[in-house]
Every structure is written in structure tokens, then in C-alpha cells.
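Input: a single structure, listed below in C-alpha cells.
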Amino acid sequence: MAAQVASGVGNLNLNSEGGAAAKNISAQGSPENEARESDGEYDDDQGAPELGNTTAAKKKKKKTKKKKKGTSKVQTEPPRVILSSLFPNNQYPEGEIIEYQNENAYRTTNEEKRHLDRMNNDFLAEYRYAAEVHRQVRQYSQKAIKPGQTLTEIAEGIEESVRALTGHPGLEEGDNLRGGIAFPTGVNLNHCAAHYTPNAGNKMVLQYEDVMKVDFGVHINGRIVDSAFTIAFDPVYDNLLAAVKDATNTGIKQAGIDVRMSDIGAAIQEAMESYEVEIKGTSYPVKAIRNLNGHTIGRYEIHGGKNGKSVPIVKGGDQTKMEEGEVYAIETFGSTGRGYVRDDMETSHYAKIPDAPNVPLRLSSAKNLLNVITKNFGTLPFCRRYLDRLGQDKYLLGLNNLVANGIVDAYPPLCDVKGSYTAQFEHTILLRPNVKEVISRGDDY
């Protein structure tokens, strides 16, 4: 999804020391208490031997109790163990740490910047919690997703895992605002690049020849981790996926404090468009989708709010610079089609506008639905399945009324030309004062 938010450093809770400590934490639960030592113990009822009887009385055999082994807590498949029980000290793994280069190289060793980075560690802990949930859920999903599954099964399986690992089922009022799913799970097939999740009754089935973008987010107290990957079963699409993964990693490498957006976009496009893919005997250049962007991420605002910034994936963008303390989703999209998307298909994604006008609503259904949205999602995006799950029904008229009045935004699926194939990879990065942290980085991508 796209975005804006310029979080000042004063609003950040960044602590590099907490992340380093996380490396030493094993994902185990507390061990059971060990059994007491019993060497040399005798039965109290055993009497002294009678005089002259040297054989009748015998010492009772020692009873050596076996020590109980501690039970290691590990994640289940599918993931259902709350993450805090695997990390009882609440110290979660750090992401990939990248030192700043060139004119910003001094930040890595500058004591003032290091001190600033150690402040407000709650911010970093919440981000790392969300990132570890994302890693564990997606790593299982990449193994479990197979042709023949419905898109609804795939999306809901991911969402149930996120709810379980964060400990926020989201059924009680306000629970989803404390943690859980940050936005609807995108399961975008082939020419559809973004913003598609199945509505109720959807029967679409994943096929072997499909290319599916899986885009989901996790948040803890509004600290959103946004990351996406692409699945293709047929190796014919390998170059398409490689191009987009390379482009995303190039964008991450280029990103940093005082770096211009236009420079990042140019580097991304150059990396991506150096690839081509052959499908059924025809070679297609991989094109960067020029009207899709990365974005800043704000608290409870996936696209950063009214002051958010966009990160282009083609050359020629504006001269805006990245700033210290900002959080970015670096995402790139490649296509075998035109490299341009448009609205298409049935809308499923919605979000309440942060600075929506105070409009008098005439429809009672719209008033009631707005109350449900505010108390359960705030400004986090939601989909129609989430309203169904909360027991809402016959809400479409009210929802459309909220959209028409400029209170809720609708995000239709974004698609290139039919017959084309698109791919996406995405990571969330934190521009900390002294280092750049790719918070969502994992062994998978």
C-alpha cells in the first residue's frame, strides 16, 4: 500500500542495545523445576536391626528421582503460539543492521547519535515484535501455500496466525487497535498487482501457473510492519521474481538519511529493467510499474498520513529527501505488461481517512458502521470480511455512503493489462539516528 508520515525523532523509541541483547535469547519457555536430589535418603520407617541378626536388616535402596527435562517451547505449524511466550524477556530479534555510508558514515560512531538511538526503546521493541510475527507467519505460509487452495483459505490462514501470535483475536471492541493485523491480506494474482483480498463467497482457486503477491501487515500498538513476497510454482517466472527482489534490495541499499527520492527511484528502475523473462517462447522485458510507489509509514497510518512521502520506483521523481527517524516501506513492482496499473475488479480494501470532514450522516446504517470502524480499526485499513467477522451485516449501503461523504477511502484492486504477470517484494526499514535497520528482513528474503 502507499503512504506518508514524517515522524520526528522525538516521537521514536529507538534502542539498538535491546536488539543486540535479543540475539542471546533462545525461543524457549521456562524449564520445569528440577527434581530434588535424593542421594543418601532412607525410609524413615526403617527400624534398626536387632542385635545378633546380621542379615535380616537391610538398608532400603536409594531412590534416585530422574530429573525432569525442561520443555522447550517452539512455534507450531500452522503458527498458533503467542510470540511473547517464546521470548519471555520481551527482547525480539533485530532486523538487518546496515551502517550509513559516505557523508553519513560518521553517524555509526558518533556518540551523540548513538545516545539518541538508545532512547525510547519501546518503539523499537514493538516494531521488532511485529516483525518477528511477520517472519514466522510468512515462513510457514511460503511452505504451506499450494495450488488448489482457495484465496480465502490462504488469506484467512495468514490472518488467524497473525492474531494468534500477537495475542489479539480482534473480536472485542478495541482489541485490534492494540495489536494484530495492520491491513487486509493481499493475495493478488497475475496481472493484479495490489489491493486484492477475497470478499465473502469468493471461490477463486490458486493454480499452478499463477503468480501470487502476498502482502500483509502486522502491528503492535500501531507500529506497522509492512512486507510482501511473491509465490510462483512454475520456474518460468523465476526471472520476474529475481528482478523485483533485486530492485527492492537495491532500493533498500540506496535508502538513507538525506537521500533524494529521485535517486532511489532511478536505481530501482535500472536494477529491475536489466532483466527479461521468457514465457511460452516470447521474451518480455520486466518493467517497473511506474504508478506504484513505496511510502512512509506512520503510527496507525499505513501510508504515512497527510505529511507522508512516496518512494518512486522509476527515475524522474521529486527531490524530496529522506529524514532521520522516518519509517519506510520499500516496495517494488515489476510487470511483463505495460508497467502501469488501473483500478479494476470488486473493491475489498477500505480505510477511515485520518482527517476526514465532520459530515452529518443521514443514514443510520452509515452512522452505526462508522462507530464500528472507529472503535475496531481506527485509521487502519480493513476489508469486508473483517466487518463480517464482527457480526456486521447489510452494511454495504452505509459503507458506500461513508465513501461518498469522504469519510472512508475505498482502495480498488490495481491491475496491469490482462494476460500480463506482476511481482512484488517489500520490506519495512527504520532510519535510526546511527544505523539503518531493515526490520522485516528474514532468511527467506
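A Cβ is built for glycine as well, from the same backbone N, Cα and C atoms used for every other residue.
Here is what Swiss-Prot says about this protein:
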| type | residues | note |
| --- | --- | --- |
| REGION | 1-80 | region 'Disordered' |
| COMPBIAS | 57-71 | compositional bias 'Basic residues' |
| BINDING | His195, His303 | substrate binding site |
| BINDING | Asp215, Asp226, Glu426 | divalent metal cation 1 binding site |
| BINDING | Asp226, His295, Glu331, Glu426 | divalent metal cation 2 binding site |
Shortest C-alpha distance to His295 (divalent metal cation 2 binding site) - which of the binding-site residues His195, Asp215, Glu426: Glu426
Separation of alpha carbons, Glu331 (divalent metal cation 2 binding site) and Glu426 (divalent metal cation 1 binding site) (Å): 4
Glu331 (divalent metal cation 2 binding site) and Asp226 (divalent metal cation 1 binding site), distance between Cα atoms, whole Å: 9
Integer Å distance between the CA atoms belonging to Asp215 (divalent metal cation 1 binding site) and His195 (substrate binding site): 9
Cα-Cα distance linking His303 (substrate binding site) and Glu331 (divalent metal cation 2 binding site), given in Å to the nearest integer: 12
Fewest-neighbour residue among binding-site residues, criterion Cβ within 10 Å, set His195, His295, His303: His295
His303 (substrate binding site) and Asp215 (divalent metal cation 1 binding site), distance between Cα atoms, whole Å: 14
